[in-house]
Structures are given as C-alpha cells and as structure tokens.
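Colleague: The structure is given below, and queries will be raised subsequently.
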Amino acid sequence: MDDVTRTDYTGTGISEDELAPTPLQQVRRWVDEAVERSRAQPDVPEPHALSVATVDADSMPDVRTVLMRVLDERGPGFYTGTTSTKGVHLAANPQVAASLVWPAMFRAIRFRGRAELLERDLVEDYFTSRPWGSRISAWASHQSQPAASRAELQRAYDEAAARWPDTGSHDDVPVPDFWGGYRIVCDEVELWGGRRDRLHDRLVLTRVAEGSLEDAAAWSLHRRQP
Ligand SMILES: Cc1cc2nc3c(=O)[nH]c(=O)nc-3n(C[C@H](O)[C@H](O)[C@H](O)COP(=O)(O)O)c2cc1C
C-alpha cells in the first residue's frame, strides 16, 4: 500500500487498577460505553459488531462479522444459521475466537474459547422479537450456500412471505430449525487499549479454574506487551 496513513492512538488505555471486579463487568462496561458513544456520535456505528473466527476441517481459518446479541456470565453470543459455513465449522471443531473493535475509541476486546449452541428458548425468544422481513429472510436463505442470482433469492423470499404473511404478530413466522445461535465459553478475554506511540495496553484475563465470567476467582490477570 502506497498511501500509508498513520494515526496515533490517543486513547487512555486501561490499567490494572481500573479493571472491573469480574471479566463480565469489564466487558459490559466497555460495550455500554461503546453503545453510549454510538448514540452520541456517528463514529461507532455498530458497537455490537463481532468478528468470529472458526477453522475448517483442514485447519484453514475463516472469519466473518456477526452481531453480539447475548452477553452474560456464560459468555458472548450471536444468532445465525446453524447449517452455515460457520455452523458447519463449529459442529466439527468448536474452538473459536472473536473480537469487538471500536477504532474511534481506541479499544478492542478479544475472546478465545469454545462455542456452544444457545438454548432453544433463547433462540425462539430472539427470533420472534425480530422484524417480520428478517424472519422471512431467515427462511429464504440457506446461509452460505451458492445463490444462482439475486432474482432467485427474491423468489425464495416472496415464497416464504406468501406462506407466512405478516399478521403483525410475533409468531406469524415459525422459527426455522436451521436457525440458532452460539455462545462463546471463554478461556481468555483480552482488553486492548490503543495509546500514543503504539505503546498500547493489553490486559489479559485467563481462565485458571471452573467458573463463569462473573466469578473473579476463576480468572487470572496479566499484562501482555503491545
Ligand atoms: C455488521 C454485520 C453484522 C452481521 N450480523 C450477522 C449476524 O448477527 N448473524 C449472521 O448470521 N450473519 C451476520 N452477518 C453476515 C455475516 O458476516 C456472514 O456473511 C454470514 O453469517 C455467513 O457467514 P458464514 O458463511 O461464514 O457462515 C453480519 C454482517 C455484518 C457486516
């Protein structure tokens, strides 16, 4: 690349003494601050955008962005097609990594762990909360399969729309059995704070015992070089 732009990262970083008492509380704090910023300024347009990396049967990595729609003591989670490429990868190898990044805030969070399918009641509650058009698209799309054309997709959408018309009710479209979600049961959570001269902060929470993200005793803290 010829036109290199260099931005000095002028964030305040993160220090050990300002960490929240548990990993969950710290992640929530940064997510909440990103959401607040997204409401106040246009420079954090999608604060929940989560890049999720999986590996295929040949150990070839793959990555895509989803929306983090779950965050509790068991880990961050997202909804997707379970027969999609990511779903196929995770069924064969649940090891997963993911990151949230808010460049305008000079912050990122990195998760590593194991993916688990989200409970069906969570999936059903979330699916029925989505707008009708999104629920119809879930039926119309065999996520990650080849599509012959845009017209073919539109036809599949129109067919699903005719089958389950919009009645204004949340249960007018059934939940597809190929639609679900994953939770990342974390073994490591890294908080990255960009600072001047590329001397960034990296605080890493590593699982040392059984326990949730709300269980401080299950985690040890160390700092990593930038
Ligand atoms: C900002 C953003 C948010 C997205 N959110 C989701 C999501 O929540 N769930 C999903 O399945 N795909 C989402 N996508 C699409 C995915 O990036 C991806 O194209 C899709 O999940 C298929 O990935 P796969 O073929 O690797 O399984 C999103 C894309 C972007 C750019």
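Placed from the backbone N, Cα and C atoms, the Cβ positions cover glycine too.
Feature table excerpt (TrEMBL):
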REGION    1-20  region 'Disordered'
BINDING   Arg6, Thr7, Asp8, Tyr9, Arg69, Tyr126, Arg130, Ser134, Arg198, Leu199, His200  substrate binding site
DOMAIN    44-160  domain 'Pyridoxamine 5'-phosphate oxidase N-terminal'
BINDING   Tyr79, Thr80, Lys86, Gln143, Ser144, Trp192, Arg202  FMN binding site
DOMAIN    179-226  domain 'Pyridoxine 5'-phosphate oxidase dimerisation C-terminal'
Colleague: For Arg198 (substrate binding site), what is the secondary structure by DSSP, using just helix, strand and coil?
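Modeller: Reduced to three states, the DSSP call for Arg198 (substrate binding site) is helix.
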Colleague: What whole-number value in Å do you get for the largest C-alpha pair distance within Tyr79, Thr80, Lys86, Gln143, Ser144, Trp192, Arg202, the residues recorded as binding FMN?
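Modeller: Output for FMN binders Tyr79, Thr80, Lys86, Gln143, Ser144, Trp192, Arg202: max Cα distance 36 Å.
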Colleague: Across all the protein chains here, work out how many other Cβ atoms are within 10 Å of the Cβ of Gln143 (FMN binding site).
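Modeller: Other Cβ atoms found within 10 Å: 16.
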Colleague: What is the three-state DSSP composition of the domain 'Pyridoxamine 5'-phosphate oxidase N-terminal' (44-160), stated as helix, strand and coil residue counts?
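Modeller: Residue counts in helix, strand and coil order: 41 helix, 45 strand, 31 coil.
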Colleague: What are the DSSP helix, strand and coil residue counts for the domain 'Pyridoxine 5'-phosphate oxidase dimerisation C-terminal' (179-226)?
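Modeller: Helix/strand/coil tally for the domain 'Pyridoxine 5'-phosphate oxidase dimerisation C-terminal' (179-226): 6 helix, 27 strand, 15 coil.
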Colleague: Filter the candidate list Thr80, Lys86, Arg130, Ser144, Trp192 of binding-site residues, keeping only entries whose CB is under 6 Å from an atom of ligand 1.
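Modeller: Passing the 6 Å Cβ check against ligand 1: Thr80, Lys86, Ser144.
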Colleague: In sequence order, what residues of the same chain, 6+ apart, have a Cβ less than 8 Å from the Cβ of Arg198 (substrate binding site)?
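Modeller: Listed in sequence order, they are Tyr9, Pro226.
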Colleague: Could you check which of the binding-site residues Arg6, Asp8, Arg69, Arg130 is the closest Cα neighbour of Arg202 (FMN binding site)?
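Modeller: Looking at Cα distances from Arg202 (FMN binding site), the smallest one goes to Asp8.
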Colleague: Measuring Cα to Cα, how many Å separate Thr80 (FMN binding site) from Arg69 (substrate binding site)?
Modeller: 11
Colleague: Among Arg6, Arg130, His200, these being the binding-site residues, pick the one whose CA is nearest to that of Ser144 (FMN binding site).
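Modeller: Closest by Cα distance to Ser144 (FMN binding site) among the binding-site residues Arg6, Arg130, His200: Arg130.
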Colleague: Looking only at the domain 'Pyridoxine 5'-phosphate oxidase dimerisation C-terminal' (179-226), what is the mean pLDDT?
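Modeller: In the predicted model, the domain 'Pyridoxine 5'-phosphate oxidase dimerisation C-terminal' (179-226) has a mean pLDDT of 97.
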Colleague: Which Cβ among the binding-site residues (Lys86, Arg202) has the fewest C-beta neighbours inside 10 Å?
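Modeller: Among the binding-site residues Lys86, Arg202, the sparsest Cβ neighbourhood within 10 Å belongs to Arg202.
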Colleague: Counting Cβ neighbours within 10 Å across all chains shown, tell me which of the binding-site residues Thr80, Ser144 comes out on top.
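Modeller: Of the binding-site residues Thr80, Ser144, the highest Cβ count within 10 Å belongs to Thr80.
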